[in-house]
Ligand SMILES: Nc1ncnc2c1ncn2[C@@H]1O[C@H](COP(=O)(O)OP(=O)(O)O)[C@@H](O)[C@H]1O
Ligand SMILES: Nc1ccn([C@@H]2O[C@H](COP(=O)(O)OP(=O)(O)O)[C@@H](O)[C@H]2O)c(=O)n1
């Protein structure tokens, strides 16, 4: 190394996939913040396009109607892990995309190939533009969006743990109903034809059922550091 300068860390691309409530968002944000990487929540993008379709009265039982307008909304994601943002046509939708209505409809929209093509292009261009590296979380990042990612993680947890975590976020919510809704959404996301929720062959699987969030974060940070060190 010339001048004895410290080696600059190579930009690293980390893909974190898994079903709902496994800790993807919390882990990805913390890992990105700790390692100085950008962060992209791809679920928020599918939620944003779904919010736009609901708001514009699109018939979400009709894949042809969804496909016909898939290119219309302009979705912009801010990738600072300490303050991620999401807008649709300039409107801040961070709150509206988390409603029960959007959550119950997002799988129907995300299954439409034209929607996936559009959002996948957006995701690839954001990842390519993240000069210092990025953590991208979703369902098909390791398999389809970024198959050449430097590190792929697939998070899992029991349906009971996932439902308890999710209902812990919403005051007065029913764990059994949350569990059923999660299982249904996983089934829809895993069985769709175009880039379903799946573990990439070269992903490291981490079962988070018995782990604290801090333990999961530490595990992923260690895996990234080992990758960077060429181990
Ligand atoms: N290992 C864990 N143990 C306990 N709670 C967790 C764990 N990982 C995440 N959580 C909590 O579970 C909820 C869902 O986590 P989140 O990161 O949003 O999951 P996902 O993005 O996979 O849906 C959040 O309230 C989060 O704080
Ligand atoms: N890469 C991705 C990310 C999300 N999605 C879709 O977007 C939905 C919402 O994703 P999310 O990550 O916000 O869901 P939660 O795990 O936060 O509940 C999923 O149920 C999928 O239908 C997808 O199809 N592909």
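In case you wondered, yes, glycine gets a Cβ from its N, Cα and C as well.
Feature annotations, courtesy of TrEMBL:
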type: DOMAIN; residues: 14-225; note: domain 'Cytidylate kinase'
type: BINDING; residues: 18, 19, 20, 21, 22, 23, 24, 25, 26; note: ATP binding site
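Sequence-distant neighbours of residue 24 (ATP binding site) (same chain, 6+ residues apart, CB-CB distance under 8 A): 16, 17, 18, 43, 137, 138, 155.
Here the binding-site residues are 20, 22, 26; the one with the fewest Cβ atoms within 10 Å of its Cβ is 26. The binding-site residues near ligand 2, defined by a Cβ under 6 Å from one of its atoms, are 20, chosen from 18, 20, 22, 26.
Listed in sequence order, the residues 27, 137, 155, 157, 162, 208 complete the 8 Å Cβ shell around the ATP site centroid, once 18, 19, 20, 21, 22, 23, 24, 25, 26 themselves are left out.
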